[in-house]
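Trainee: There's a structure below that I have some questions on.
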């Protein structure tokens, strides 16, 4: 207990307090450290770059989370109805991307998207079409959504699948006797019964999406000019801290993002408190 | 609605009867060709990048750009071993150093985080102490704190004690796993009955012996799950090492390969290391894939623990 409390204090509470304190100061060569109160926050929440970054991750959340949930839920429901070796094999294969580091996943997709290396031109060529430029500014959003879905849908699927396996099958027998179809069983019985797992998965996905950093950071190198250094709030904070040494303002951005994530997760948990079983 | 009542025990019971039930239904409904086609399409989607990487690791740079086999098939020339040799020669084999660093960080961070999570989770579940509810509330809140928001303050904190650019800058923050503690508490509460602990105490076992001989074996599925999650978390971590490490000899393989990629993309001024990147990426994903495949029976049940409330 005690060692955890120590680590907990050192690497969670202390950085939080420290970040908060830092975010209340500005530091310049001329004046040194100066207490400015909430100035950095006022600056952050009126900083068009930060707000644009927040808007970007909000857009990602709106598209990416439903996409991942849909793939994960449908795959889990289909797998739950099968008990063949092919279904066991598929389950593993769909999950495997979770074991791949995000950086490697993004690198691989970067290669696949690339017009120089990727298979897209030959695949689209089969149908006589020109391959879309996945790395162009207009398409980068969809390309990133695809990478994240590929990486995480399998993990979410396993969580949902395990929850489905936990349902007492006697319930379905009653429904089958009453003449319910597979689809009705899936939508009316299974989905409501695993709602707590679904809520948990959405929370994971939400926290992950708002902190979006690795994939755009890696793809930035491949997609020349399509991803600005301040594409997401985390990337903005990283750039401020390590390219411009504005650690105080970067801390304020980090903290502001943390508050946004916290508030959104909390609102979501509150709205779904019935489903999640949390009180 | 009391929907979240499934304990691990019930889940086990459910799983035992479920196999046959699903099979019976599958038999009644025919071979379910539609479902299998759907799964096949999903598998192709999820596997294609890995297949591409496998194939690409056998090509030289020229082959990657326009080999005889196309991007998704092998070329005439098989260059895997010469690529491997390239990884040994490039900057005196720095790639293997990176891979070793990744192992060091993942294993020390993962094992450390798991030990702490077991102790703290068990403590939360089985001991009454003052402020337990308040501490657990803080912990639940901490699960929702985005860890990347801590990276920059952690960097400043570490640099004030001169730990930036050392292995500790990656390992120490990785020991923190609020979610792991939460999982352990949930699991310990369900899987370790108080009566059993009381019985052991009455028989004269001390607290430490009770923990090691009674509780620990019961906690095994959760321990493996938390261990896997934290090892994967540390192995995959990118933001933290990117921020706190600048010495090339200390980088984990993820940051190192990303650096090579940036170098290769720099165009005329940079060097094209594409074949080393693909082969290096291929080798770096093998250990975790093996770990997941061989530990299947543990994590498949364990990952659902969090939803038990």
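Note: Cβ is positioned from N, Cα and C throughout, glycine not excepted.
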Trainee: Looking at B:56-79, B:272-295, which one is transmembrane segment according to TrEMBL?
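Mentor: Of the candidate stretches, TrEMBL labels B:272-295 as transmembrane segment.
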Trainee: Transmembrane segment per TrEMBL: which of the ranges B:12-32, B:33-53 is that?
Mentor: B:33-53
Trainee: With CB pairs under 8 Å as the measure, which of the listed stretches B:33-53, B:134-161, B:208-232 comes out on top against the transmembrane segment (B:238-260)?
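Mentor: Looking at each of B:33-53, B:134-161, B:208-232 in turn, the most contacts to the transmembrane segment (B:238-260) are made by B:134-161.
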Trainee: Please identify the stretch among B:103-122, B:134-161, B:208-232, B:272-295 with the greatest number of Cβ pairs below 8 Å relative to the transmembrane segment (B:167-187).
Mentor: B:103-122
Trainee: Quick check for me: are there 3+ Cβ pairs below 8 Å between the transmembrane segment (B:272-295) and the transmembrane segment (B:134-161), leaving out pairs under 6 residues apart?
Mentor: no
Trainee: Using a cut-off of under 8 Å between C-beta atoms, tell me which stretch among B:33-53, B:103-122, B:134-161 contacts the transmembrane segment (B:208-232) the most.
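Mentor: Of the candidates B:33-53, B:103-122, B:134-161, B:103-122 scores highest.
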Trainee: Can you name the far-off residues of the same chain, 6+ from the ends of the transmembrane segment (B:103-122), with a Cβ under 8 Å from a Cβ of it?
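Mentor: That would be 167, 170-171, 174-177, 180-188, 192, 211, 215-216, 219, 222-223, 226-227, 230-235, 237, 241, 252, 287.
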